[in-house]
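K.L.:
Pasting the relevant annotations from Swiss-Prot:
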| type | residues | note |
| --- | --- | --- |
| DOMAIN | 300-505 | domain 'MCM' |
| BINDING | Gly352, Asp353, Pro354, Gly355, Thr356, Gly357, Lys358, Ser359 | ATP binding site |
| REGION | 656-738 | region 'Disordered' |
| COMPBIAS | 687-701 | compositional bias 'Polar residues' |
| COMPBIAS | 726-735 | compositional bias 'Basic residues' |
| REGION | 755-815 | region 'Disordered' |
| MOD_RES | Ser762 | phosphoserine |
| COMPBIAS | 768-782 | compositional bias 'Polar residues' |
| COMPBIAS | 783-795 | compositional bias 'Basic and acidic residues' |
| MOD_RES | Ser802 | phosphoserine |
| REGION | 868-916 | region 'Disordered' |
| COMPBIAS | 868-881 | compositional bias 'Polar residues' |
| REGION | 942-1011 | region 'Disordered' |
| COMPBIAS | 974-997 | compositional bias 'Polar residues' |
| COMPBIAS | 998-1011 | compositional bias 'Basic and acidic residues' |
| REGION | 1063-1105 | region 'Disordered' |
| COMPBIAS | 1069-1084 | compositional bias 'Basic and acidic residues' |
| MOD_RES | Ser1109 | phosphoserine |
Amino acid sequence: MNSDQVTLVGQVFESYVSEYHKNDILLILKERDEDAHYPVVVNAMTLFETNMEIGEYFNMFPSEVLTIFDSALRRSALTILQSLSQPEAVSMKQNLHARISGLPVCPELVREHIPKTKDVGHFLSVTGTVIRTSLVKVLEFERDYMCNKCKHVFVIKADFEQYYTFCRPSSCPSLESCDSSKFTCLSGLSSSPTRCRDYQEIKIQEQVQRLSVGSIPRSMKVILEDDLVDSCKSGDDLTIYGIVMQRWKPFQQDVRCEVEIVLKANYIQVNNEQSSGIIMDEEVQKEFEDFWEYYKSDPFAGRNVILASLCPQVFGMYLVKLAVAMVLAGGIQRTDATGTRVRGESHLLLVGDPGTGKSQFLKYAAKITPRSVLTTGIGSTSAGLTVTAVKDSGEWNLEAGALVLADAGLCCIDEFNSLKEHDRTSIHEAMEQQTISVAKAGLVCKLNTRTTILAATNPKGQYDPQESVSVNIALGSPLLSRFDLILVLLDTKNEDWDRIISSFILENKGYPSKSEKLWSMEKMKTYFCLIRNLQPTLSDVGNQVLLRYYQMQRQSDCRNAARTTIRLLESLIRLAEAHARLMFRDTVTLEDAITVVSVMESSMQGGALLGGVNALHTSFPENPGEQYQRQCELILEKLELQSLLSEELRRLERLQNQSVHQSQPRVLEVETTPGSLRNGPGEESNFRTSSQQEINYSTHIFSPGGSPEGSPVLDPPPHLEPNRSTSRKHSAQHKNNRDDSLDWFDFMATHQSEPKNTVVVSPHPKTSGENMASKISNSTSQGKEKSEPGQRSKVDIGLLPSPGETGVPWRADNVESNKKKRLALDSEAAVSADKPDSVLTHHVPRNLQKLCKERAQKLCRNSTRVPAQCTVPSHPQSTPVHSPDRMLDSPKRKRPKSLAQVEEPAIENVKPPGSPVAKLAKFTFKQKSKLIHSFEDHSHVSPGATKIAVHSPKISQRRTRRDAALPVKRPGKLTSTPGNQISSQPQGETKEVSQQPPEKHGPREKVMCAPEKRIIQPELELGNETGCAHLTCEGDKKEEVSGSNKSGKVHACTLARLANFCFTPPSESKSKSPPPERKNRGERGPSSPPTTTAPMRVSKRKSFQLRGSTEKLIVSKESLFTLPELGDEAFDCDWDEEMRKKS
């Protein structure tokens, strides 16, 4: 730079400082220490806006311009000092430094990664984490030398590029042409303090969370001088503004010169207390305030929205997500009167079998936390977790480990049990005292580790519930007692759970979609950063519950002495504060205390009241408010706090009454998910607004019932409104009959997947099994598309599936046909809404199902004819048998209940009865069939073996679904219905039974008395509407079936039930006689039912079947790999007993 440029830059900067930083300079002038170094922080954006020319010079010559800035700053300070009226109170300071910050955000000036060689000489902003700090040194930056010949005295500055070494000139720099090369250092053995400055080197590393997988974080040294020394410590996140420079050792002969890139810092900004680039303005806060205002009447539903957005790729696991969210929210750190610091961070340990999603939670938590470190136990040592002493350039320095780097953040440790024994003890202090004391290589210090530890581990071998957690995972009690929560995830090998998880994974793989209801990762990160600023205080009611629970834990006979100490009470307080933060509150209420006690009871650290829980199969509740009410009743009764219970129940009742009419418009618009559709027959669907219902259907997150939550928005018809009170009455009666079991988390195995058997009583005359069998099969052809199990059909609601919906791929050619179906169904629904009917449903406890099944089988063997009640009307059409939806019921463990529900009559075609019982005993199985592809017309039905539907009054419907969906060790054939449901059905066995009087039979059953064909009975119902099923028969040639549909809308369970049965045509013989009895049941041969046809109105469809080698296969164009929805009862089968029966 020439003199004119230097003058211009100095004048502009001096005027800028005098205008914008006059107050800062006045404060500096009032300081008493004249030798100290004082910074003046200047915003680069404001400076460059004042004069763009300065910005150009600054980018081209940063070192020279910074020196000019310091000189201009001293002149400006002198000018301000002279302008003061009372200069006695101030003094001039010579060590003033201009610190540049706030560079324009562009890739040329702001870097998140370590600079490279091309950046040398540029002024940059670099973000990183401090991993090493050296000792503060004294640096002599200039010396005086005198020429021995001419006695000329000159000053030599230390060369930064050569590690601040002094390089003597080759000749005397005097103007008298002295060519002497001998000089004498005037400084001698001691240096003047004015010629020395503080000097420190730190080492920064790229932030791990900003790196891609497999990238090794790079590091570089940063030079700190003057006032920047000791401005940071190991583990701090920094934004450093400085000049990228290179330096090398002095040259030596025959030694390669090693050049090192360093950053000479001009200004350091510590980001520990900031949100790492997350903007927290009023608009963002207002957005979250509006969110909670929307869920003011049901705050737990709003909380579940957040929980469902936490790690959405993992299905269910409601309890684990709640615990992780509470740990991420964190408690409040306190310092008592004696100076002892009580930690506010909670620690969580996930213990589970392989494949239970532990690592997924750790990875997601590390992503949404600004300061996080993810490591594994097998790859970590005590030094790697705490602090390391390293020797560099002949001196020892301390290098921070994972816990120090995660200070004020999150440290995730996977495979926690892989830590060596002596390494585990090293983190005891870091977990409880939140500090690490080091005495290594003569360096004694204490570093902060105010971090939350989220660890995951596998049990040692098979988890034994009879043993303690310490024995199962081989970790010591002192270490386990430092974890606030220990959740156990046991893989119980539940077939229903396996089916749901596999369907969830496969559906997401095939049809990935982005939800509009779930929160994005950026929104989650912003929310958790925002709530950590809240400081909730404990209320008296919350204190009372936590204190009473702590006392109960201490008095428990099976208590863990190492756990039930004062640490338990502190853990309860921390978790209660964390839940209050999660709920966006500044007070810890009774709701927070009840939730914390319930979570603690479900962990291995609790269990004094109700026992531990397997957290793997916990699911999102259908109604969070009702779940909380059950928690209150159970916990407060156990804690003997009846006054709080009665007061809380009154508060909940008032809140519910206030929100009834306020939420009515919103309730009608909310979509019903499979969780809320689990009602009895004819009962209206519960239109609730829980988070699982409002968001999970958008992203196809499956409910524990196994159905994708993707139903379109459905407005209930007007005739459903009067039945809401009835539903609430039954809900209250059901709640009064509950036992004190820990089922508020709606376990997969009990709450959502244990359907009860029911008995249906119809007021209409009973028809024979054959008539009932022949009148219902035609309804299976009422649409090309079937909904998945537990999900409403697209034909039912008159809407097309979205491209992101799972189970049914997008087909543009279905648009027109579906529109017509929607109009027809809506008009028919309005007509059928006025037809009254009544059905009584009785739910049988699970422990009676086996007994009922045995009695039903015994009665079936003794039966020789159709009961007399099954009379055939003289007219060709009769009322249908109403079949309530078992799979969509909402059963509770060991709680029988009865619901009165309404259905409408329908008219059907019937056929003469037969004698199915004798045929069942004579029937045999057929060989496994082969797969043949055919593109014939939709209504083509290939010839194949026939099946007989036998009248059996007490055959359990649980066996029906089990045998229909699980062809284990049974020859049969596989049939794919238009709903893409693949079901395997053994030939010759009956899976449908007709209605029987409830006074004789406990479980609900249906008998199909069809002697010559295998037919199923669908249910066409929505609310109080029922449909008229139509006759469908199968022949050995193409048949066209049509009929008039009187139904309103098809129930989701109807389609799931249709998928469980096969449509098989009669054999070519067409013999109407019953099949002859075979001596060897191992022989296989088809029976010969007659071929019949019936009219059909709706469009034709294709089917997918596995048949014999001579049979043709008709394949649907739709997805073929969606499994039917089955309840737990479908899997309760003793296959050894079944095989013995067959043999």
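The first residue you see is number 1, and the count goes up from there.
In case you wondered, yes, glycine gets a Cβ from its N, Cα and C as well.
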K.L.:
Taking the Cβ of Gly352 (ATP binding site) as the centre, how many other Cβ atoms fall within a 10 Å radius?
P.N.:
22
K.L.:
Could you say whether, by DSSP, Lys358 (ATP binding site) belongs to a helix, a strand or a coil region?
P.N.:
helix
K.L.:
Take the mean position of the Cβ atoms of Gly352, Asp353, Pro354, Gly355, Thr356, Gly357, Lys358, Ser359, the recorded ATP site. Which other residues of that chain put their Cβ within 8 Å of it?
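P.N.:
Along the chain, the qualifying residues are Leu350, Ala456, Asn458, Leu489, Asp491.
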K.L.:
Most Cβ neighbours within 10 Å: which of the binding-site residues Thr356, Ser359 is it?
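P.N.:
Of Thr356, Ser359, the one with the most crowded Cβ is Thr356.
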K.L.:
Identify, in sequence order, the residues in the chain of Pro354 (ATP binding site) that are 6 or more apart from it along the sequence and have a CB within less than 8 Å of its CB; answer 'none' if there are none.
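P.N.:
In sequence order, the residues whose Cβ lies under 8 Å from that of Pro354 (ATP binding site) (at least 6 apart) are Asn458, Asp491.
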K.L.:
Which of these binding-site residues has the least crowded Cβ, counting other Cβ atoms within 10 Å: Gly357, Lys358?
P.N.:
Gly357
K.L.:
What does DSSP call Asp353 (ATP binding site) in the simple three-state scheme?
P.N.:
coil
K.L.:
Hey, what's the Cβ neighbour count for Asp353 (ATP binding site) at 10 Å?
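P.N.:
There are 17 of them.
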K.L.:
How does the model score the domain 'MCM' (300-505) in terms of mean pLDDT?
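P.N.:
Per the prediction, mean pLDDT sits at 85 for the domain 'MCM' (300-505).
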